[in-house]
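Annotation source Swiss-Prot lists N-acetylproline at P3, citing sequence analysis. Sequence annotations record features per position, and here Swiss-Prot assigns N6,N6,N6-trimethyllysine to K14 based on sequence analysis. As annotated by Swiss-Prot, substrate binding site applies to N123, T173, K177, R295, H327, S379. The feature active site, proton acceptor is assigned by Swiss-Prot to K175, H294. The annotation Mg(2+) binding site is assigned in Swiss-Prot to K201, D203, E204 on the grounds of sequence analysis. Residues or ranges marked as N6-carboxylysine by Swiss-Prot: K201. Positions annotated as site 'Transition state stabilizer' by Swiss-Prot: K334.
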Amino acid sequence: MSPQTETKAGAGFKAGVKDYRLTYYTPDYETKETDVLAAFRMTPQPGVPPEEAGAAVAAESSTGTWTTVWTDGLTSLDRYKGRCYDIEPVPGEENQYIAYVAYPLDLFEEGSVTNLFTSIVGNVFGFKALRALRLEDLRIPAAYAKTFQGPPHGIQVERDKLNKYGRPLLGCTIKPKLGLSAKNYGRAVYECLRGGLDFTKDDENVTSQPFMRWRDRFLFVAEATFKAQAETGEIKGHYLNATAGTCEEMMKRAAYARELGVPIIMHDYLTGGFTANTSLSNYCRDNGLLLHIHRAMHAVIDRQKNHGIHFRVLAKALRMSGGDHIHTGTVVGKLEGERQVTLGFVDLLRDDYIEKDRSRGIYFTQDWVALPGVLPVASGGIHVWHMPALTEIFGDDSVLQFGGGTLGHPWGNAPGAVANRVALEACVQARNEGRDLARQGNDIIREAAKWSPELAAACEVWKEIKFEFDTIDTL
């Protein structure tokens, strides 16, 4: 035995497998304002006590490993370790628990969502002692939130850029999402924008394919945008997807969009990655571009109720990483979204201070200390009959995005856009007059359709369309 080993052994070092509870389960711990707090939904393996499982989560996502190591004595574990400070059973679920874990702020690099996620969810989700694990919520302390620049511009600056106030913004995803030539794509954009929409959008998987290279698309779309803008007198935009295979190529596309003078670009932030997203957000801030964020791949991560990461966490991560819009689901359309849960993370995106509210899935009070807000985008299977509900649910600070609900109009793209704009204006006026959109919504749409043949035709086409499936992700 070497002298160093003898010295360490004499100081009390004892090799062996760790009992995590002895070090990482601390029910008497009082959380600090600077702690990053996490709420995990755990499903331990049979025979594993919840206290041991919660302690293992805290250990494996902070300083711990499976065995005792002599280098533990070279640092202060009490200063740097994560702590499981509370465990509660999930009502109505067998062998599921919410484990609350506190992490010291010094564990995380300033301004890096990538490092935050690598630490908290990077390894522990494959831990054998757990059958399943889901990160339900994070509390980002004000001291850490201040290290992020957040959205490039935020809600108020976007409204000022667009000179549009007092109503939700209207958008449309161009369809078919793949296969159009750049010139025909630009034509579809023009028809939608001249009909009354504020934005049109590249679908998330439109980047630079053989049928439509990115530079051609950018050129034709810019021409369409400026033509519609000149005809209507309104500022228009199209979300040009800058997502690419490398960060260098992505930044080149963003720079070209800036040279063309368009107001907004787009990024697929989960498939592109947080590092790329933050870099693009910084570029947009410095160069006056709005940044639309698509959440492609989110359901792979967030849809299962007992394993993965809840979208409210991904939404918080996006607000820190940077984006002016993000898709959030609709509550009423074809995509997953329970009302109270959706409204919870919509508030986390828009508001400065959000109180803890378990009825909406918010586990911690969140103070963003004036980090700019993000506009929620409602899209997926919505049409004119949904307009009253969408206006009532999402309010003015939102983007209501109709793809098939615009392009599927029997008279074409421009009449489809007219129908949506008329429906929106009618709902906003009715709301401002004190009418109840939830109860009188259909009547409001019918009244507006009497003087808008485009809206009347849309109402007839989609009168029977519903997506009535039970949501998977409930409280």
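Cβ coordinates are placed from backbone N, Cα and C, and glycine is handled just like the others.
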Nearest-integer angstrom distance between the alpha carbons (Cα) of R295 (substrate binding site) and K175 (active site, proton acceptor): 18
Those residues of the chain, 6+ apart, with a Cβ under 8 Å from that of H294 (active site, proton acceptor): E204, N241, M266, H267, D268, Y269, I326, H327
Rounded to the nearest Å - Cα separation of K175 (active site, proton acceptor) and D203 (Mg(2+) binding site): 8
Cβ atoms near K175 (active site, proton acceptor) (within 10 Å, other residues, all chains): 16
Three-class DSSP secondary structure - K201 (Mg(2+) binding site): strand
Among the substrate-binding set N123, T173, K177, R295, H327, S379, as the record gives it, the longest Cα-Cα distance in Å: 36
For K201 (Mg(2+) binding site), the one of N123, T173, K177, S379 that lies nearest, given that the binding-site residues are compared by Cα: T173
Candidates N123, K177, S379 (binding-site residues) with Cα within 10 Å of D203 (Mg(2+) binding site): K177
The one of D203, E204 whose CB sees the fewest other CB atoms within 10 Å, among these binding-site residues: D203
Residue among the binding-site residues K177, K201, R295, H327 whose Cβ has the most other Cβ atoms within 10 Å: K201
Of N123, T173, S379 (the binding-site residues), the residue whose Cβ has the fewest other Cβ atoms within 10 Å: N123
